[in-house]
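According to Swiss-Prot, the feature active site maps to 127, an assignment based on sequence analysis. Swiss-Prot lists 74, 75, 76, 112, 113 with the feature substrate binding site, giving sequence analysis as the kind of evidence. Residues annotated as region 'Disordered' in Swiss-Prot: 1-21.
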């Protein structure tokens, strides 16, 4: 498979998508953060010094999704049509699982946007409770599904 972000002289480039037709595109990404019982309970009970952790993580995930093109060099600025976030509580493992769904009608996919949103949301949780638990583990950041575009659909 040819790398599309390199020109014929092996220099980096942003792919030209102007000849591609617009299609509806949706990507869902997820990731987890595992922590101590003390940190988990502080979040659940809204008893942290920095405020409402999960609500702030959702806002951060939305912002991260919107700002992906400013963080990942070869990502196109996109006109997103929607971003949804959901946080699953997994108390038996002191874990939160964050899902981000990004949507648009456009010429390129939104996988990187969904993945970036998840990453920023999880990092925000870490930042807000690191005073309680510095050993938190962020893991399993992954694409769950995508639809639309030339490469077709994907579902994990």
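Glycine is treated like the rest: Cβ placed from N, Cα and C.
Highest local Cβ density among the binding-site residues 74, 75, 112 belongs to 112, counted as other Cβ atoms within 10 Å over all protein chains shown. In sequence order, 14, 17, 69, 108 make up the list of same-chain residues 6 or more apart from residue 76 (substrate binding site) whose Cβ falls under 8 Å from its Cβ.
Local packing around the Cβ, expressed as the count of other Cβ atoms within 10 angstroms, is greatest for 113 among the recorded positions 113, 127. Apart from 74, 75, 76, 112, 113, the substrate site neighbourhood in this chain, defined by C-beta within 8 angstroms of the site C-beta centre, holds 68, 69, 72, 78, 108.
Residue 74 (substrate binding site) and residue 127 (active site) have their C-alpha atoms 27 Å apart, to the nearest angstrom.
DSSP labels the residues of the region 'Disordered' (1-21) in these numbers: 0 helix, 2 strand, 19 coil.
Distance from the CA of residue 75 (substrate binding site) to the CA of the residue listed as 'active site' is 26 Å.
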